[in-house]
Amino acid sequence: MFVQSELSDLINKVEDGKRLDFADGVRLMKSGDILALGYMANLIREQKNGNKTYFIVNRHINHTNVCTNLCHFCAYGVEKENPQAFTLSLADIEKAAHEAAQEGVSEIHIVGGLNPDLPFDYYLEMLRRVKGILPQACIQAFTAVEVDYFTQITGLSVSEVLRRLMAAGLDSLPGGGAEVFSPRVRAKICEKKVSGQRWLEIQEAAHGLGMRTNATMLYGHVETAEERIDHLLQLRDLQDRTHGFLTFIPLPFYPKNTKLEGQMGVESTTGFEDLKMLTVSRILLDNFDHIKSFWIMLGPKLAQVSLAFGVDDLDGTVVEERIIHSAGAETGQVMSKRALINMIQKAGREAVERDTLYRVLKTN
Ligand code: V47
Ligand code: SF4
């Protein structure tokens, strides 16, 4: 029971286990009643995951920053002539995988730019070598944007590209590249990137092959409240059909060093807005088991508070995150397992180490 709120009717719906619609979602997004939002989100979070908070020991590898898309919100991707351009050799990637093996990771997370000099074989060989070094770890690699790019350079269908990647060791697709599905928003921030519809099609194809994947939304730039809700509901529709999504990760926009920096109305998100986005995601995505805070972007303290506002998963013991740090994130790049467990326990939650597929490895 939550007393006195402009959202009382929606609280009743949530308490009765009823699904919220588009108009309800927009009202949530425009409400300032963070405690009512938190109450609803926490109710759902505890129904789904009890007191558990999941975390993963993983390592991120960004293999190249050369990218032909040059999205306006991205400070990471550069042209190949840029002095900052880099591409890791397969030997560099093997070295990172050996280090990760020492750290006891259960997941390797690999994403990069669309580099026209790299053949499809580079990616297949990368997967084979990483799997050879870390046979027990899951490889979560290549966003739907990269998968679409592989279809362009090979002439193969999405399903065939995915089959070949899976045969080489790919276990799961990360959630990047979704941004905001609205064509209006994409025209303003990433006009060269695949459409939202194509992003969803690729996820659906992956789910059809039995692969589980993640979903994201990049918020806090030019999008409206309505466009955020539309994005969430398109994800919910696909999840109703496939049940292939593992988790949803809202990503707050970092403007520094991007083409959007300094544009009218574009500023860094605030803590209140971040918390609101997490709660609204938890409330609307009633068919997603998990909502994840990426502490690298939210900052560790807000990420910890989010565990009372709908979030049940903290990612991760990340190493070498480059994408958000290029855009001005000042958080560290590494969090020890001990520090993650401490954050979770001090929030009154039970810390559960998981793998990519949310199989429990250890409860703390
Ligand atoms: O698609 C790029 C975002 C994404 C900026 O699946 C930016 O578990 C903020 O998707 N400010 C890649 N965000 C990272 C990603 C991700 C991260 C952690 C976990 C998972 C997962 C996925 O990063 C891109 C884009 O949406 N991004 N530039 C920026 N300036
Ligand atoms: Fe390239 Fe991805 Fe950055 Fe866009 S967000 S420029 S596709 S690396």
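In case you wondered, yes, glycine gets a Cβ from its N, Cα and C as well.
Copied over from TrEMBL, here are the features:
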type: DOMAIN; residues: 53-289; note: domain 'Radical SAM core'
type: BINDING; residues: CYS67, CYS71, CYS74; note: [4Fe-4S] cluster binding site
type: BINDING; residues: PHE73, GLU179; note: S-adenosyl-L-methionine binding site
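All features noted in TrEMBL, drawn onto the structure.
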residue	record	CB count, 10 Å
CYS67	[4Fe-4S] cluster binding site	22
CYS71	[4Fe-4S] cluster binding site	23
PHE73	S-adenosyl-L-methionine binding site	21
CYS74	[4Fe-4S] cluster binding site	25
GLU179	S-adenosyl-L-methionine binding site	27
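Each residue in ASN69, LEU70, PHE73, TYR76, GLY77, GLY113, CYS190, LYS193 lies on the same chain as CYS67, CYS71, CYS74 and has a C-beta within 8 Å of the C-beta centroid of that [4Fe-4S] cluster site, without being one of the site residues. Checking the binding-site residues CYS67, CYS71, PHE73, CYS74, GLU179 against ligand 2 with a 6 Å cutoff on the Cβ atom leaves CYS67, CYS71, CYS74, in sequence order. The two recorded residues, CYS71 ([4Fe-4S] cluster binding site) and GLU179 (S-adenosyl-L-methionine binding site), show a Cα separation of 11 Å.
The binding-site residues near ligand 1, defined by a Cβ under 6 Å from one of its atoms, are PHE73, CYS74, chosen from CYS67, CYS71, PHE73, CYS74. Cα of GLU179 (S-adenosyl-L-methionine binding site) to Cα of CYS74 ([4Fe-4S] cluster binding site): a distance of 11 Å.
For the domain 'Radical SAM core' (53-289), the model's average pLDDT works out to 96. Spacing of CYS67 ([4Fe-4S] cluster binding site) relative to PHE73 (S-adenosyl-L-methionine binding site) is 13 Å (Cα to Cα, whole number).
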